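What Swiss-Prot annotates here:
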REGION    22-46  region 'Disordered'
COMPBIAS  23-32  compositional bias 'Low complexity'
BINDING   678, 679, 680, 681, 682, 683, 684, 685  ATP binding site
């Protein structure tokens, strides 16, 4: 179909599916031509101010995709024009040139080569730009033969590439999911669905409105579809802010639940969706919007999608975005993977296994039975070192068949995808023997289910093994991938083709001999076909009148000829080669059909392989790092014996540092709230985080870094640890802290686990102390959850006398020769000092600053802080001169600290040792004075 005034029935604009007039391009340094209006599309004069037929075609395609940057295929390049060229040149840092003129101005143009376009495409997608790929739908030479020399090649959009619909390995992280999500609000119900187009996994979940943010934080989707009204809801502005650039608003009509239900039922061939789960209207609308959008971007095609799964409310441990960041579950605060919990525990050997592990870490379970089943699978392999090693060796390097299957279903797969599926399926018998025949008894249900999913695929493996050659091209159109002997007809055509090539070589030798030009060559290109090439200085020999050589082309240093004999031979070769390639394409289509006919079974096998990989990886981690199996039940216990921080422990080991100090944590019913005090750098934040991470690991189904752990299921995990401002939204560090604390106090339940660090810092001392005090009381009296609260406000320890479930604990230190040694041990009690000046000294503050700080601290510790601060200010000439003193009463001097210390001593009741200690204390007081 030629694009002029008409357009493809499959091509619809992405933004509401209604064409809009493209915006004018940005300045390029000189006046750039704006796109012509559709009124000139049929004017083919090509004069300045009008458009050529080719440009008319471009503008028709662009008008159908106004919100996409258009990759317009021209030969070996994807070209961009007008405002697209300006945007692409700026984003990709490539040269901006021009092609023709319109309305008295140059038309901006830039391009990227076809053979390396994936890298440029990836950069555009990361910049939040959607790209429509417009391909040539016919051979240019064929177009000229059929419709004349000036014929415009037929082009059509074959795909719209967006951040949530990627399928190519070059554009994806093999070890991470790439989700396309949809969020819908229908009346008072909120539903969310998500799909990984590269694997076909499709899931839906009902949500409370307050859980939209945590759910999106859990998925970290590449793209989110939302009704325009919901996307613009001021109440969701804060929730959606982290997803800026990834929201795709669509008209409300795309989220009609009744149309969606019919669409989904038709797609999966069922009369009702009840068999997949009790989906609500909002969930069905979200699923339907996803399917419609995927079909739109794939221009009428759909990947193989699994039947939708339903994730019920309360099925997973809810963790909000702030907590995920603070705990660095999947990436560090700096945005990198290294140093995160995921990087620490990821010992998987396949891409699918890595994705499943990340999925489980992001969404820990809340059902003790399901958690126990996962732990059984890990435990089975922990105790079987040889089986575990052989299992991992067999899985290592196993191809990613889920993504290969998705590409084949979209018509974008190649011979290597077929080979990948055959290779992975061929390993299944060995894996089954390893697990079942290991002599370890009946495998637990988790591993048994994985083995059932693996299935049996001997017939398909045999077919692919017989059909595919060892050395495979990337694309089927390149040919040469069918193994010799698989198809007799193909073998015959290849023999004819290869014989023709041998005849070409003989003809070249004969012509070189007859003309006495040893350098004469017979070459081939896509324009001239086969031709004879000689140096320009020897061309006269071939141009003799009456000779067999016919001139074809003159270049700067070569001249090209043909002969009738060569042309006839070329026709024979081309015929055989074309027929061989056509037959090979037909065989490829047949093989694809065979594979896609088994798509559901192959998808289950992919899931089984991933489950085995995750179980073996977690078992290997547990055995190597001395992790223990946790007990997870429906109680409210939280009892960790000798727990360790998994990431910090590994970092210390990598740096050959000291061994990590393990600590206990028991949030028993009579001490559900721990108030943790201790010096700076003693390890309070590490202790808080390690207990939260142990809880996450336990509920995802992993062994944990501890000697033992007993955890009653946690429904929500909250963390307020670390300090960071949010200047983009006008938030100070203190404001960010208060927002996160408010979320905790408003959303935590009795089953939640809360860790809070330094609540109240960043404002006046008494303000901060008051907020921290009230927060502790609220956690104790109102929320009644399990909580760890770290603070430097030592005054809070007084709450232990009246809050019966609050227990004070501290990080121990040892003072030795004016030095402070951090023991990193947690024990009962309360700290009386924070040793901040000591930490400042370690940080390298100037000696004069340290000395003055010690002097100020001594004065402040003597009595009332406000009067001490006044005295300190009076010591400074500026303040002393500025503050009038006349008429102000002078407060009576207080008792001298040394006199107070002496008055407190009763020598008659002291042992010799106590007397000696008292003398040392008096000397210390004298030094301070």
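Just so you know, glycine gets a Cβ as well, placed from its N, Cα and C.
In sequence order, 811, 822 are the residues of the same chain, not among 678, 679, 680, 681, 682, 683, 684, 685, whose CB sits within 8 A of the CB centroid for the ATP site.
For residue 678 (ATP binding site), the Cβ neighbour count at a 10 Å cut-off comes to 29, with all displayed protein chains included. For the binding-site residues 679, 683, the ranking by surrounding Cβ atoms (within 10 Å, all protein chains) places 683 first.
Ranking the binding-site residues 681, 682 by the number of CB atoms within 10 A of their own CB puts 682 at the top.
In this view, residue 684 (ATP binding site) is surrounded by 26 other Cβ atoms within 10 Å of its Cβ, with every protein chain counted.
According to its DSSP assignment, residue 679 (ATP binding site) is coil. Packing around residue 685 (ATP binding site) is summarised by its Cβ count: 18 other Cβ atoms lie within 10 angstroms of its Cβ, all protein chains included. Long-range Cβ contacts of residue 680 (ATP binding site) within its own chain (separation 6+, distance under 8 Å): 792, 834, 835, 836, 839.
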